[in-house]
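A.B. asks: Here it is, the structure in full.
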Amino acid sequence: MAETLHDVETLLLHLRACQYVAASGFIILLYDHFLTFGEEVRLIWQAKFTLAKVLFLYTRYIVPMAMFVQTFSFSGIGGIVFSDEVCKQWGISAFAFGVSSIAISDFMVLLRLWVIWDRRLKLVVWTLFLFILAEVITVIVFGFLTGHITASTSYNLSLHVCQVSTELHLSKLWAPGVASQIMVFVTALWNAYDKPRAHNVNLGEVLCRDGTLYFAALVSLRVVNLVLATSTPVSLQFLGLFFVWCATTVTVSRLVLNLRAVSADYNNSECDDDESEELTSLPSLHLHDSLRHSITADMLTTDSITAVVAHDFNPHKSLPTPRGTLRGYPRTPSGFSVSGPILDDVKSSYRL
């Protein structure tokens, strides 16, 4: 009798632990959603309709809705009595939403990595192969898992929760994705270390710039979820599941929104630079050999002209002209005189 009471007490403690951890993840998800909703409207809603936009909005909203339903079916606070069939169908649906949203999150991370890697074909093919292989294995495992969910899920009238009475071996479901993410993360670290960088830029700055900290957080969450699913008893097999699901969604949302914000700021700065260039008057300049070592401040008004003169200028060669020769401006033995019109012509020829 004492052992039975002890077992019941242990099960109740484990149930409460799973409920509180899941609730904390849900609160973090909602809080972050409210904090970033304005950025989402400005950066995502107003963007053009693309596949990436659809995938982002799917993960952004399907997870909170699924967690809302899960809170009522798993926490017992709703006071609603479900049938066993409802618990079985919801269990399968919840796992389907989780697998699909995690897969979409992994794909959006891959899109970011491909940009960092300049879309090098070998890296793109390698990581895409890992992603597809991991997802195919995950779907196959999920297909077998649905039978176990149906057989072991029921509604507990005493606790007012949907419960699973047997171990589902969730580690088999998470292992393929974790393995592929670790390999992709190692590839990202290697790329950051191997990529040429300025002498005054350390590896930490490169990792922060490339969003590697986000990737590290995602991999860590997935590893923790796998460890909990492997080492905990049946009553704790959902301990980290819903928290990791919410935290992964928050991390990927933050990554995408930050990247969109950087891109928007960059585009705005380019527009400001173009407007300032159009309003800047270009004075007449006389170019000599000394300009190879000393470029006047006036020439710095236009970055494209500065790059052309500093890199390509040679008094014994004609100035490179992608759109043809610059007629009407003869070259003298000591150099050549360049007035305002020729600078305008060079500027238009080398505009990026």
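Using the three backbone atoms N, Cα and C, a Cβ is placed for every residue, glycine included.
TrEMBL: automatically predicted annotations, no manual curation.
Relevant sequence annotations retrieved from TrEMBL are reproduced here:
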- 20-64: domain 'DUF6533' (DOMAIN)
- 20-37: transmembrane segment (TRANSMEM)
- 58-83: transmembrane segment (TRANSMEM)
- 89-111: transmembrane segment (TRANSMEM)
- 123-145: transmembrane segment (TRANSMEM)
- 173-193: transmembrane segment (TRANSMEM)
- 213-232: transmembrane segment (TRANSMEM)
- 238-257: transmembrane segment (TRANSMEM)
A.B. asks: Would you mind splitting the domain 'DUF6533' (20-64) into helix, strand and coil residue counts from DSSP?
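C.D. replies: Going through the domain 'DUF6533' (20-64) residue by residue, I get 40 helix, 0 strand, 5 coil.
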A.B. asks: How does the model score the domain 'DUF6533' (20-64) in terms of mean pLDDT?
C.D. replies: 92
A.B. asks: Who are the chain neighbours of the transmembrane segment (173-193) in space, where the CB to CB distance is under 8 Å and they lie at least 6 residues beyond its ends?
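C.D. replies: Cβ under 8 Å, 6 or more out: 95, 99, 102-103, 106, 109-110, 113, 116-117, 123, 126-127, 130-131, 133-135, 137-138, 141-142, 145, 203, 206-207, 210, 212, 215-216, 218-219, 222-223, 225-226, 229.
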A.B. asks: Do at least three CB pairs under 8 A connect the transmembrane segment (213-232) and the transmembrane segment (58-83), leaving out pairs fewer than 6 apart in sequence?
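C.D. replies: The answer is no, given that the two segments have fewer than 3 Cβ pairs within the 8 Å cut-off.
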A.B. asks: What else in the chain is close to the transmembrane segment (213-232), if you only count residues 6 or more beyond its ends and a Cβ gap under 8 Å?
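C.D. replies: Same-chain contacts beyond the flanks: 105, 109, 113, 170-171, 173-175, 177-178, 181-182, 184-185, 188, 207, 239-241, 244, 247-248, 251-252, 254-255.
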